[in-house]
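If you check TrEMBL, you get these features:
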- 19-28: compositional bias 'Basic and acidic residues' (COMPBIAS)
- 43-59: compositional bias 'Basic residues' (COMPBIAS)
- 1419-1435: compositional bias 'Basic and acidic residues' (COMPBIAS)
- 1442-1465: compositional bias 'Basic and acidic residues' (COMPBIAS)
- 1518-1529: compositional bias 'Basic and acidic residues' (COMPBIAS)
- 1580-1591: compositional bias 'Basic and acidic residues' (COMPBIAS)
- 83-171: domain 'S1 motif' (DOMAIN)
- 187-258: domain 'S1 motif' (DOMAIN)
- 281-346: domain 'S1 motif' (DOMAIN)
- 365-436: domain 'S1 motif' (DOMAIN)
- 453-522: domain 'S1 motif' (DOMAIN)
- 542-611: domain 'S1 motif' (DOMAIN)
- 634-705: domain 'S1 motif' (DOMAIN)
- 727-796: domain 'S1 motif' (DOMAIN)
- 1034-1107: domain 'S1 motif' (DOMAIN)
- 1148-1221: domain 'S1 motif' (DOMAIN)
- 1229-1297: domain 'S1 motif' (DOMAIN)
- 1323-1395: domain 'S1 motif' (DOMAIN)
- 1-60: region 'Disordered' (REGION)
- 1395-1591: region 'Disordered' (REGION)
Amino acid sequence: MASMEESFPRGGTRKTHKSEKAFEHSVEQDNLFDISAEEEPTKRKKSQTGPAKSKKLKIEKRESSKAVKEKFEILSIESLCEGMRILGCVKEVNELELVISLPNGLQGFVQVTEICDAYTKKLNEQVAQEEPLKDLASLPELFSPGMLVRCVVSSLGITEKGKKSVKLSLNPKNVNKVLSAEALKPGMLLTGTVSSREDHGYLVDVGVAGARAFLPLQKAQDYVRQKNKGAELMVGQYLNCVIEEVRGNGGVVRLSVGHSEVSAAIATEEQNWTLNNLLPGLVVKAQVQKVTPLGLTLNFLSFFTGLVDFMHLDPKKAGTYSPNQAVRACVLCVHPRTRAVRLSLRPVFLQPGRPLTRLSCQHLGAVLDDIPVQGFFSKAGATFRLKDGSLAYARLSHLSDSKSAFSPEAFKPGSTHKCRIINYSQMDELALLSLRTSVIEAQYLSFHDIKPGALVKGTVLTIKPYGMLVKVSEQIRGLVPPVHLADILMKNPEKKYRVGDEVTCRVLLCDPEAKKLMMTLKKTLVESKLPAITCYADAKPGLQTHGFILRVKDYGCIVKFYNDVQGLVPKHELSAEYVPDPERVFYAGQVVKVAVLNCEPSKERMLLSFKLLSDPKKEHAGRGQKKGKTINVGQLVDVKVLEKTKDGLEVAVLPHNIPAFLPTSHLSDHVANGPLLYHWLQAGDTLHRVLCLSQSEGHVLLCRKPALVSTVEGGQDPKSFSEIQPGMLLMGFVRSIKDYGVFVQFPSGLSGLAPKAIMSDKFVTSTSDHFVEGQTVVAKVTNVDEEKQRMLLSLRLSDCSLGDRATTSLLLLSQCLEERQGVRSLMSNRDSVLIQTLAEMIPGMVLDLEVQEVLEDGSVVFSEGPVPGLVLRASRYHRAGQEVEAGQKKKAVILHVDMVKLEVHVSLCHDLVNRKAKKLKKGSEHQAVVQYLEESFAIASLVETGDLAAFSLTTHLNDTFRFDSEKLQVGQGVSLTIKTTEPGMTGLLLAVEGPAAKRTMRQTRKDSETVDEDDEGDPAMVAGTKKEHALSIGDMVTGTVKSIKPTHVVVTLENGTIGCIHASHILDDVPVGTSPTAKLKVGKKVTARVIGGRDMKTFKFLPISHPRFIRTVPELSIRPSELAKDGHTALNTHSVSPSEKIKQYQAGQTVTCFLKKYNVVKKWLEVEIAPDIRGRIPLLLTSLSFKVLKHPDKKFRIGQALKATVVGPDSSKAFLCLSLIGPHKLEEGEVAMGRVVKVTPHEGLTVSFPFGRMGSVGLFHVSDSYSETPLEDFTPQKIVRCYVLSTADEVLTLSLRSSRTNPETKSKITDPEINSIRDVQEGQLLRGYVQSVQPHGVLLGLGPSVVGVARYPHVSQCGLSKKALCDRHLPEGKLLTAKVLSVNQQKNLVELSFLPSDTGKPDVFPTPPGQPLPAQGERQGEAEERDHRGEGEKERKRKNQERKEKREQKWQEEAQMPSKEKKEPQQPQAKKQGKRLRLEPGSEQEGVSKKQKKAAPSEEDDSGVEVYYREGEEEIEERSVLPKEKQTRPAELPRLQLSSSFVWDVGLDSLTPALPPQGESSDSEEDEKPQQATKKKSKKERELEKQKAEKELSRIEEALMDPGRQPESADDFDRLVLSSPNSSILWLQYMAFHLQATEIEKARAVAERALKTISFREEQEKLNVWVALLNLENMYGSQESLTKVFERAVQYNEPLKVFLQLADIYTKSQKFQEAGELYNRMLKRFRQEKAVWIKYGAFLLRRGQAGASHRAMQRALECLPKKEHVDVISKFAQLEFQLGDAERAKAIFENTLSTYPKRTDVWSVYIDMTIKHGSQKEVRDIFERVIHLSLAPKRMKFFFKRYLDYEKQHGTEKDVQAVKAKALDYVEAKSSVLED
């Protein structure tokens, strides 16, 4: 018995106990709660340490009724509720929460934020500052186990595991919420927390609104000495206090915490406690009212009754209670709703402020058999009597394994059970039991039970990056770190371990206090039979055991065992042979077998050895055998492929066949080539020069990356950290990719981190977008930490460049293609005919193929020919718009062979198939078109020759990421520099791409995808399909119109089904141009007939026999004809494919269709003919008018009915192709609209038509009037009206002459068509284009097939007609006028002359100086001018004079100018229709005009900068223009348009600046008519018009020249920003102009334009625009758009400036919360910037938050360096003066100056501020103090001067004199000192 007592001591307060006494008393039966057969009601005694006497209780009445039992039901979680006030005891203290023991075995948690408000505030400050605060104590410092605390239940929740948890709050605000200031009385016992330390004491937070509680210092001193070990009270410290004095109706309360006062405090009636505000922990005097077997009811504070349950009786008096007995009791809890009060009579609670002493039970975890039940409580649990007589308790949830298995009958008093002690309740001093089988059988109950080195079984819970969580038992989880998941480091542990797997681990470390359990799954450690070392004492010399390497250093390895025991293996003990570099041989995490050499447990030091003390002979033999077979890291070896695995190749290293692994990513430096090589290598292949990367425990890792191999061979690979210096460039590979950066490993095994910020020059959103694992990279070392063996790397291209881009780009390309060539040779060794054929096919080969089929996406598949399985295909783009049919023979060029998918990509493009043989120069630059894109290179065709060239898409190994905007596309134009002139083995020329700025976009989109973009169903219809219906075709139904769409109407039928009426089923006759759906209104009742049913999933119409018909959307018709007759027409639902329905329509048939939408991207109208038949009208077939084609949306309304002609089915066969301009027949004589695809200089245009037909326009058919630059107006995608001249070839011959396309306009033909030599007459004057200069003369093209020759004598009258001169002055394409001298039709020869005497035009060569021009030419020219211009005589004479003066200059200039820049000789202006005024050569603006001529975009459509020119400003203008021209010459200048009243020798009627710019085509009818009209005016009319135009021009000019003129339109602004592109003010005014018109999007667009336009050097100007854009988004945008702009702004500018600007914007727009949040971000990011702190201080003061501002200043001083402190303090003081409290500002200044009295700058600021904000007396006082400082004379002079100035301004004459006197005194004193 005695021994049992030892094992199970009884409850109580005394710890000492003697076995004799224990024996004596344990014999007595404590049957207080034994309800005997006679139901004798008795009381039981609580378990205790010391013995207690039990006596029978005398009771008058016997009660065992249910009511009593329910009344005394002990507390359970269910009986708690939110707001319940309850007394608890601190059980455990963790960093972030307290575990609280509650009465009746319950437990709750208090989070760190529920202590008090002051403590939470401190925590927030600490988080914001990201540094620990000195004055913030942690929870373990504030609380200790055993402390009694008053709590309130804040919430009841359910944890993740489904258990109920109780959240509590200690915050006095919540606990004492029930008290009011008026209710506070002296003597009351309250709890509170310290909220701050003041000069004379502490402010205590008692949580009573309106009451300030103060604890004087002297009252606290005893407490501090006795209880707090002399430490001051900290914020958040929990106190039991007694109110000593209450003043001001509870406003001010003085407290005491003296031990004697607190422990003697009793709640009395005088304190006016009520049931509403009664607090737990109060001690009251009470009287026993009733005694029952389960507890007592008490009467206390006169009126109140409460319960005491059996657990809370005084154990010593357990059986002795009688009614009316006086007792002292402690309030345990108060239920807020039922007002039920529970009390305790235990002596330990009757002395407030005293902690509980007994905190645990010594038999925790013991399993007990046959323990009898003492009592059962249906809602809470059961009590048991332990063997030592003490009582224990089990909660309801612990009485059985599950709710279903529980039966109350099993727990009748006296029944016995097997149970286990699992916990101890401090509040009840009771052991807590569990009867659950899982708990009883659990190997470990708590962390204390687990010992390091033990084997533990568990189940895998989850796998995280930081390791694997393993569940050991209900309460215990352990962590297996990533390095311990296996003997080697695992990349993908989730592949080996699955959640729920059973695993056996070995315990590495168990810390019960921190509840931390670390385990290992390393197989060697788990299965080791050797003794485990768990403490230094275990390590006996000679002991052999297993451990794992923790770290590898150059001096040896640190090996770790269990329980944090570790030892060192010195370098000489690592191996029998010398190991120079341990880091290359060993790795962290490696499991090793070691022998202990020596151990000093006191110093925790241990020496180990890897040289195991075994039989030396065997060891020696073994070593000799292995020696020849080892591979060293960094060695180059040959390997033989054994087999392929998922991640790479298993290989054998020759010659000893050592197994090794070569990962796929290590086969090549090129990411794409790795998988390709892996695909074609097979078992038995040999690879040479493979590098050994690492070797461990027989696991050899290899690498075949040429870049790494050459690095190692060249010895450029550092072997240890000591060799690495910042700035080194190293070659390595990506080992792993994390969110925060990329780890790069080098061949020697060293590795470093490239953080996200310096990973790329581009913005990194996700690291995995930029690099892939195993990729070869070049890294620049930026930082080395030798101690920690870490380094930081940069992978930015700007840091890691390896020479110029072109060279590296070419090198990468040639390597990549070489490797692919190697793959071809592997393929050619295979037996398969297909693979051998593919290996022989190289890009550029031309094949004759037969078309097999055209797929729906427009691509073409060709038949395999003699090689079965060969797949050849051409994409839609490479079909090149050709009409292709199955069986057709085609020539095609190979672009690329896909060696993995075994497909050949070909192109049918004419330019590629018919290549031009032309010798290419190395290094020459060519335009090319991208034809095929691979991952790392692209294949393009040269525009000139059609040759295929490959160029690398990357310029560097690290250059792998492209934004979408940077990616190339097939069809895009690029500029290439040719590096090899002959295609080698690869069939491709090698080239390097020029700058990205030279790329051009793909020119045509011939795509017509089969599926419409918006074929999703109508949401209203989709919603309605959920119902089934019983309709069949032909039924009549009625319904209501629900919604109206352009081409259909949605109807709700009476049964709730949704139906649909198509526009074609509303009217019998639809008038063209109307919209039938507009006839119906929403809500209108309609009667309709069912004509079909559409399946909403497939959009097909189903036949009525289809099983899904009942779920279709009924298609209805309300056509009168259909409703009337019974023979209605059902939709043809049996032909399922749309192509069959479309076949019913013949070409040329007219149909009515309804416009669904205009597809802007694809440039077509989408229409519907019937519900199930759709069509497309290409834009070019909608009209012959340019106006309509320019704005189709204006002409065609959605839903409108159109009459169209069927052209044929679409290439996808799912749509009908229609035309609105009649049948689309491209036959001879037809006029059609086309689109320019390509402009070929000196040749003409290529035009495309709908359906892929192409045509060409020769130079002579571009216009009826030739011009110097005939093709200037034409750009790709421009729409042109064409006349078909011939259809003989596949490519049509076209003409754009308006005499052909608009014959009815009868426009004048300046240059007639010359189609054959018969059209040429002798003597005729013709114009033509120079074709070439030959030895015998100049060839001039007169028509498409007619060429004339001008022999040298007939070229120029200068007699210098040498070929060289002609070459220079007559370039190809130059327009010349010639006279036909003779026509020889037999020889097909036309002789021409260019002489001025024949043509009447100036000489083709410039006249040399000193030679006058031929008189005849001049006279003729003047005569013409006189005719055309009707110019006054005087004017002409003046002009002739001018011309003579300036001619000398002109000759000199022209002689120096290259021919291309020379303009066409002056011609009569009337002939040049639509041409703008040109400068006369020789004027001051000559230089400018000529250069501009070259770059002018177009003569007709001139929209350039206007130059305003006045006569009086000639010299000024010249000076300002010429230097500017020098700068701007390289850029393309806009053409100058002159609008001025200055007149050159030109008639005003030829000025056309006021006309609007001309339309799309200079030949369209709209343009011709006005010009014809102008020619038929009389002289008088012309004179009048001239005057009118002159007046109008001078008015416009004056208006434009007015410097004060404000811009009034977007055009004005455009003109301004063109002239000053870098002026942010102009851009901002432009934005404001749009914002006034509330055009937000336009304002945004202007801002974006500004950011693109303003030079990158103008940082401030750019910043101004960003700020404006931020302002705009703040006022008109969303928070999201503002954030996006802000993030971009931060990227492109100095981040601090942008942050400050946004903060100002927020403040100005009253968004104070956002501003506050932004400042907090700034304080974290720019904490070293004093400007941020000062701005923040000002912001807080403006918001009236003076306190916060003071705190900000304190934080600023903590964060900023010392030297900044004075500045910051003075700035904050200035802010206080301006925005806050002047007195405080003075205090700050005074404080600063007392520390730094000689800081004259601070004195100066102080004086300024006082003058501004203080009184005169204060100012004088400061001056008096300053002039008595001992400063340098220079500074004293400054202050005396300021004092004098101040007195002169504010004082009297007497004051001024006084200052002078003081200055004099100072000077005298100084000089006397010097004399002494």
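Using the three backbone atoms N, Cα and C, a Cβ is placed for every residue, glycine included.
Taking H, G and I as helix, E and B as strand and the rest as coil, DSSP gives the domain 'S1 motif' (187-258) the counts 10 helix, 34 strand, 28 coil. Between the domain 'S1 motif' (365-436) and the domain 'S1 motif' (83-171), the number of CB pairs under 8 angstroms, six or more residues apart, is three or more, so the stretches are in contact. The stretch from 83-171, 281-346, 453-522, 542-611 with the most CB pairs below 8 A to the domain 'S1 motif' (187-258) is 83-171. Summarising model confidence by region, the domain 'S1 motif' (1034-1107) averages a pLDDT of 81. Note: the domain 'S1 motif' (727-796) comprises 7 helix, 35 strand, 28 coil (DSSP; helix = H, G, I, strand = E, B). Helix first, then strand, then coil: DSSP counts for the domain 'S1 motif' (453-522) stand at 7 helix, 34 strand, 29 coil. Helix first, then strand, then coil: DSSP counts for the domain 'S1 motif' (1229-1297) stand at 6 helix, 32 strand, 31 coil. Counting residues per DSSP class in helix, strand and coil order gives 20 helix, 38 strand, 31 coil for the domain 'S1 motif' (83-171).
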